[in-house]
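J.: This is the structure, below, for whatever I ask next.
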Amino acid sequence: MENSNQSVPNRFFLLGLSTVPHLQVLGFLVFVVIYIITLSGNCLLLFTVRISPKLHTPMYFFLSNLAFIDICFSSTILPVILVNTIYKDKSISVGGCVIQMFCALLLGATECVLLSVMSYDRFAAICRPLHYSSIMNMRFCIILALIPWIAGFVNSSIQVPITWRLPFCRSHHINHFFCEVPAFLKLSCRDPLLNEIAMYTAAGTIVLFCFLLTFISYVYIISTLLKLRSSQGKQAAFSTCVSHLTVVTLYYGTIMFNYTQPRSSQPRESSKTVSVLYTVVIPMLNPVIYSIRNKDVKKCIRQTLQRKVRLSKSILT
């Protein structure tokens, strides 16, 4: 009987964000709007960068990578939330849970490292402007873009297998809206100390390294900006830096909150709220914070729309 209780079940049940009917309806509508904004904003950024030669620069190359990650991240989490909100059957297969956990860890860590890579790009652009084109050549940009994916893949390849080696006999109902590692550690009937150490080590190493790289980059960036005589150039550079720091602070802070706190000191509801921020809200805000408010991007979008309007008028006439 003990062995059967400790075996991995065929399905788990995601309890979601709320069990109150009217809140579920409201949540469904809100998440549909968020998903539409996330997809449209990030797809618009990818399309604009792709068709605008002016935006074929390292900065927008990394922003395109960020947009792609955000599309994948949202598509890993939000469809499951929407389906579980409208259907009574809130179960998810073990295979589906494993895939979702792997993808979430992969994309989360990849975005974390990519944000620090983008800070290095801003450092090279602002502090080494004369050597920027030689430093950030296409080959080096591709290498820098691959590093986050490698780090994310290694992180997932370690975390997911050791998580699924645990016996889940306390409950098969997950008090969460997706298959996240901290929620699964609470279901184990065996002390998951080694899993917690691995999780804290991975999260701490990735986030700490990324934070230090970002911090050092911005120490140099801010000191360089303060020396600029042109107020217009200083304002434009500060605007870009503030946007990046806003996303970095939100993203690193929320991930550290969920992945480096002991299970006993982490309230379940606050954990779910924080997870919503970095899996749902931040991917929606990234294209707005980084690009849609950027003058170059808005100008390229406006020119593209004007060309399409002129082309449509010429076809009609």
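Going from the start of the chain as shown, residues are counted 1 onward.
Glycine residues also receive a Cβ, built from the backbone N, Cα and C atoms like all the rest.
So TrEMBL has the following annotated:
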TRANSMEM  25-47  transmembrane segment
DOMAIN    41-290  domain 'G-protein coupled receptors family 1 profile'
TRANSMEM  59-87  transmembrane segment
TRANSMEM  99-120  transmembrane segment
TRANSMEM  140-158  transmembrane segment
TRANSMEM  197-223  transmembrane segment
TRANSMEM  235-255  transmembrane segment
TRANSMEM  275-292  transmembrane segment
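Situate these features within the shown structure.
T.: Long-range neighbours of the transmembrane segment (59-87) within the same chain, counting only residues 6 or more positions beyond its ends whose Cβ lies under 8 Å from a Cβ of the stretch, are 14, 16-17, 24, 27-28, 31-32, 34-35, 38-39, 42-43, 45-46, 49-50, 100, 103-104, 107-108, 110-111, 114-115, 117-118, 121-122, 125, 141, 144-145, 148, 177-178, 279-280, 282-284, 286-287, 290-291.
Within its own chain, the transmembrane segment (197-223) is flanked in space by residues 109, 112-113, 115-116, 119-120, 122-123, 126-127, 151, 155, 158-159, 162, 181-182, 185, 237, 241, 245, 248, 252, 255-256, 259-260, which lie at least six positions past its ends and keep a Cβ under 8 Å from the stretch.
Same-chain neighbours of the transmembrane segment (275-292): 17, 31, 34, 37-38, 41-42, 44-45, 48, 60, 63, 66-67, 70-71, 73-74, 77-78, 81, 104, 108, 176-178, 180, 243-244, 246-247, 250-251, 254-255, 258, 298, counting only residues six or more beyond its ends whose CB sits under 8 Å from a CB of the stretch.
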